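Lifted from Swiss-Prot, the feature list:
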- Glu96: active site, proton acceptor (ACT_SITE)
- Cys345: active site, S-methylcysteine intermediate (ACT_SITE)
- Cys116, Cys120, Cys123: [4Fe-4S] cluster binding site (BINDING)
- Gly170, Glu171, Ser202, Ser224, Leu225, His226, Asn302: S-adenosyl-L-methionine binding site (BINDING)
- Cys109-Cys345: disulfide bond (DISULFID)
- 102-342: domain 'Radical SAM core' (DOMAIN)
Amino acid sequence: MTTSTGKINLLGLTLAEMEQFFDSIGEKRFRAGQVMKWIHHFGVDDFAAMTNVGKVLREKLEAVAEIRGPEVVSEDISADGTRKWVVRVASGSCVETVYIPTDDRGTLCVSSQAGCALDCSFCSTGKQGFNSNLTAAEVIGQVWLANKSFGTVPAKIDRAITNVVMMGMGEPLLNFDNVIAAMKIMMEDLGYGISKRRVTLSTSGVVPMIDELAKHIDVSLALSLHAPNDELRNKLVPINKKYPLKMLLESCMGYMSTLGGKRVLTIEYTLLKDVNDQPEHAAQMIELLRDVPCKINLIPFNPFPHSGYERPSNNAIRRFQDLLHHGGFNVTTRTTRGDDIDAACGQLVGQVNDRTRRSERYIAVRQLADEPQDSAARP
């Protein structure tokens, strides 16, 4: 992609695209691999640092290309070790990237859009409205920046980032081409060399793009379900009105059937007090997913201002999990991480220059709802 400087940003190019770039400037294709290693293995953003690239070629690259990642605005570290970066992208909006360390892995949660157009009712990102898709460089740039922050050089040795989940701000499948390119770089040996089993794309259910996915890439798939029936899901996840559950699950199963091995669909389900956490919801979920090879990840709601929802009690969470277990499912409840720095699931907001004006409308409605009503003034 050409940036505002008129130069090609090499950060977001796949290996095939990098080879095409070197063809276009009259250079041999093996240079693509050399430059990719410098960018992604070593975090280099200066052609002068590429010591196995000749001076003449370095000067040529300097004239027509650049390596530009998103700008880090802030970095916060939680008491539990979770890190959150706020990064500014070309549109002027800010998005958030979260790193979650555990004993056996380090998971990076990556954003795909500045804001989100889907307006899921329990997600703070959706309340920010939508500005733009991130470029491939801005998506993979979050991995690049995080890797540089850890000082892991090269990226594939003693790596801090073992897993990447496309679960940050935005709906990845509504930024299809750029997300596909970024995930290819994540898995490319000359990029970050992350196993396809350790790269997960999460979707709220853009059925045509799920159907298209297998033609382009092989990664793990997670479905943001959040409701066991169409009536409730229409309210929580409005895209369900266009792509209802039967159609959605058939699409997911079609994609999963193309993958090798014993890989299963991950079901994400945010538990909302008295909304979708009752025994009847668990029973409906068991029936809905009976023939779907899957694992279920329960996510207790992480509150944000004026959300209108509450987190269920620990007893209600355990009850729901136990009911699903007894129904024969592999179920885990996600431990809340990074909530003290607003980095928990559903809390990512960034700073979005909202083209939909949804955030203005949302704030106005919530303020009206919070105002005390004068009963004497009512008819």
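Every residue, even glycine, has its Cβ placed from backbone N, Cα and C.
Taking the features listed in Swiss-Prot, we show where each one sits on the structure.
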{"residue": "Cys109", "record": "disulfide bond", "Cβ contacts under 8 Å, 6 or more apart": "Thr97, Val98, Tyr99, Ile100, Val165, Met167, Gly168"}
{"residue": "Cys116", "record": "[4Fe-4S] cluster binding site", "Cβ contacts under 8 Å, 6 or more apart": "Cys123, Thr125, Gly126, Gln128, Phe130, Met169, Gly170, Glu171"}
{"residue": "Cys120", "record": "[4Fe-4S] cluster binding site", "Cβ contacts under 8 Å, 6 or more apart": "Gly126, Ser204, Ser224, His226, Leu236, Val237, Pro238"}
{"residue": "Ser202", "record": "S-adenosyl-L-methionine binding site", "Cβ contacts under 8 Å, 6 or more apart": "Val165, Met166, Met167, Pro172, Leu221, Ala222, Leu223, Ser224, Thr266, Glu268"}
{"residue": "Leu225", "record": "S-adenosyl-L-methionine binding site", "Cβ contacts under 8 Å, 6 or more apart": "Arg233, Ile267, Glu268, Tyr269, Met285"}
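Summarising the environment of Cys123 ([4Fe-4S] cluster binding site), the number of other Cβ atoms within 10 Å of its Cβ, over all protein chains shown, is 26.
Across the fold, the C-alpha of Asn302 (S-adenosyl-L-methionine binding site) and the C-alpha of the residue listed as 'active site, proton acceptor' stand 16 Å from each other.
The average pLDDT computed for the domain 'Radical SAM core' (102-342) is 93. Neighbour counts of Cβ atoms within 10 Å were compared for the binding-site residues Gly170, Ser224, His226, Asn302, and the top value is held by Gly170. Using a 10 Å radius centred on the Cβ of Glu171 (S-adenosyl-L-methionine binding site) and all shown protein chains, the other Cβ atoms total 27.
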